[in-house]
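Asks: Take a look at the following structure, please.
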């Protein structure tokens, strides 16, 4: 049972999550027309609506991967096969929300993003509290809302990150509860939300292998694993089913890897791929980021939180081989474990709260500067908005 204190903490955490995004939205409403060179005919809040990749999911909620509809919409002159890069769970939720409520699809998208992010913070709180990862679950959950800085940006605009984090945290929560059928169902949803979702299946597989390795009777334990966790295999099967769906819609089982303008393989066979491909002053930041997260996994292991460390490891390893200039966004998923729980001892210092206040101010300045630079062209957005009214 959830006691009164826990309910209060969950309510406050969810409220702070919504409020923090609302403050960002209010900032654009009050100051964007005066401080930015961009004109916003539909109101300055379209900064949130026009941001990558929100409009893509709105298009998919209208067309549902139908090539003819995608071509007729013609959003941003994108080849129809490009939409295979974006998985269907969020578009389906937008479509359902629009059909049920009659609200504009963009508004439904923002609501899903804000609410799923808030709920993910609540699940994180319950996970930390119930598993006793920390004596300060409320404080860590507050930090979760703002670490890393990019998290505030992506959870405040329309996108999959909030939903993805929610589903992954739920799967981890129920993993500890040993409710593996429910974990398998969540894994299917995770795989259908974002392409990196299949890595979560690898994480749970690696945890199972570690537990098998540490067992004394390996044959009996293996039988137990097969009996209890056989349903996890539905995750790669779901991905195969999605690729077959893309074959029907776009004519190729491998449509995800064929954007129509090149390939969509963001992995290389050598480590530090992002540093090699984007060898700019920004690459130094990538190195620091990978180092900080790697140390975070080590700290989890030293705290005897080995399941969290193993869970985070495959996702971090993939970041070493990723070749994208936006690794800050891709690595958000494991930040609650590597950054917040891993480095939680830093919160014991009295000076921490003063540094965090400065950090919070800097986060809002960074986000306010970043989002207007990551918008789709206005005319594409305007036409799409007319179609979704």
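Cβ atoms are placed via backbone N, Cα and C, with glycine included.
Bear in mind that TrEMBL entries carry predicted annotations, made automatically and left uncurated.
Take a look at what TrEMBL says about it:
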- 12-32: transmembrane segment (TRANSMEM)
- 106-128: transmembrane segment (TRANSMEM)
- 152-176: transmembrane segment (TRANSMEM)
- 182-209: transmembrane segment (TRANSMEM)
- 230-246: transmembrane segment (TRANSMEM)
- 282-300: transmembrane segment (TRANSMEM)
- 327-344: transmembrane segment (TRANSMEM)
- 351-371: transmembrane segment (TRANSMEM)
Asks: Grab the same-chain neighbours of the transmembrane segment (182-209) for me: Cβ-Cβ under 8 Å, and only residues 6 or more beyond its ends, written as numbers and ranges.
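Replies: Non-local partners: 85, 87-90, 160, 163-164, 167-168, 170-171, 174-175, 225, 229, 231-232, 234-236, 238-239, 242, 256, 307, 310-315, 318, 330, 333.
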Asks: State the non-local partners of the transmembrane segment (327-344) in its own chain: residues 6+ outside its ends, Cβ under 8 Å from one of its Cβ atoms.
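Replies: For the transmembrane segment (327-344), the far contacts come to 124, 128, 133-134, 136, 140, 143-144, 147-148, 150-151, 154, 161, 164-165, 168-169, 196, 274, 286, 289, 292-293, 295-300, 303, 305, 308-309, 311-312, 315-316, 319.
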Asks: For the transmembrane segment (152-176), give me same-chain residues lying six or more residues beyond its boundaries with a C-beta closer than 8 angstroms to one of its C-beta atoms, as numbers and ranges.
Replies: 17, 20-21, 24-25, 47-49, 51-55, 57-58, 87, 89-90, 93, 106, 109-110, 112-117, 119-120, 123-124, 126-127, 130-131, 145-146, 182-183, 186-187, 189-190, 193-194, 197, 200, 204, 207, 307, 311, 329, 332-333, 336, 363-364, 366-367, 370-371
Asks: Checking distant contacts: for the transmembrane segment (106-128), what same-chain residues at least six beyond its ends satisfy Cβ-Cβ under 8 A?
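Replies: Distant Cβ neighbours of the transmembrane segment (106-128) are 6, 9-10, 13-14, 16-18, 21, 48-49, 54, 57-58, 90, 93-94, 97-98, 134, 137-138, 140-141, 144-145, 155-159, 161-163, 165-166, 169-170, 172-173, 176, 336, 341, 385, 388.
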Asks: Mind checking which residues of the chain, 6+ beyond the ends of the transmembrane segment (351-371), have their Cβ under 8 Å from one of its Cβ atoms?
Replies: 23-24, 27-28, 31, 47-48, 51, 143, 146, 149, 152-153, 156-157
